[in-house]
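Below you'll find the structure, written out as structure tokens, and then a few comments.
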């Protein structure tokens with residue numbers, strides 16, 4: 001689920017923290033991608049006649065097709081992806097997982113009724129609700145990535161937390177996931193829609209955590225408490241406190257404990273056995289990989305290995321797989337060139353007030369020298 005309503009709240013309260021870019025803007029960038037989120041997207045979206053793709057043996061192949069072609073697309077644009085797979089879910093997530101099981105059981109009943117009534121649209125809708133990423137899906141995608149020469153990381157716990165840790169350690173530029181809790185886990189940069197279908201034509205949304213906190217007027221600990229109030233996978237929320245009220249209360253009282261001491265508990269009852277402290281600890285000190293010992297290597301694809309796995313075993317078209325392997329090999333060279341801004345380090349900065357003063361003085365001098373001729377326009381590279 002991530003954090004309920006966080007993206008909209010940021011758009012409303014801290015819109016300057018969100019930038020929109022085309023995929024071409026990420027040439028030379030290393031990005032940690034939430035693998036489970038991607039695989040789930042592929043199982044939902046990569047379909048034929050409303051059903052997941054299958055080979056002649058009845059094995060699902062939607063995840064492999066999605067992983068193969070979306071990864072090639074990123075590499076063709078000079079992006080170096082590293083996929084991060086979920087480990088064991090934290091104990092605190094058991095309540096959320098139980099709710100998901102209940103929703104699946106309900107969807108199964110509704111699917112059965114839709115099939116009996118011959119309701120095609122509802123059959124497709126409820127089939128999608130039953131989609132679940134399995135261990136086999138994960139293992140097959142890991143095998144595929146290895147053959148493609150793309151690194152992956154097995155997170156000890158939540159993938160988003162390890163993605164965030166890799167960004168904080170400087171191993172990658174950003175965490176790519178649809179789950180907003182990557183920000184709560186502390187990723188400095190979050191990318192949404194990076195692995196979305198090209199047909200959707202969605203711009204990539206880039207969220208900057210420091211700007212979010214600056215414009216909201218909160219510290220990271222206060223931001224975590226705000227996310228807990230909005231609703232996460234790890235504990236319940238206080239009923240009646242929506243996003244607007246939550247941020248107002250955090251700004252006023254600074255922590256959940258202070259909020260609880262100052263609100264009308266009859267109007268806003270606290271959940272029984274509320275685990276907000278444990279949720280806070282999980283966000284602030286999650287179980288993640290040792291980033292220092294984590295080596296990320298992008299190597300040449302194994303074309304023959306890809307053909308053996310994807311064609312002989314999974315029954316994909318050999319021409320298409322070989323063509324994809326050649327694209328990987330060709331574009332791997334391009335993505336190793338890196339970005340210009342990797343070679344230049346900013347040694348200092350000036351405040352926005354000072355910058356405006358400098359710019360206004362500079363423009364005044366320029367006008368005097370050029371006798372008011374229009375200045376040329378330029379775009380500063382990123």
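Cβ atoms are placed via backbone N, Cα and C, with glycine included.
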86, 158, 160 bind Mg(2+) 1 in Swiss-Prot, but which of 34, 215 does that record place at the same site? 34
Check Swiss-Prot for me: it has 179, 181 binding Mg(2+) 2, so pick out which one of 225, 233, 248 it puts in that same site. 233
Suppose we draw a 10 Å sphere around the Cβ of residue 179 (Mg(2+) 2 binding site). How many other Cβ atoms does it contain, all chains included? 23
Calculate the distance in Å between the alpha carbons (Cα) of residue 160 (Mg(2+) 1 binding site) and residue 231 (DNA binding site), and round it to a whole number. 16
Where does residue 34 (Mg(2+) 1 binding site) sit in the DSSP three-state scheme? strand
With the cut-off set at 10 Å between Cβ atoms, which of these binding-site residues ends up with the most neighbours? Options: 86, 160, 233. 160
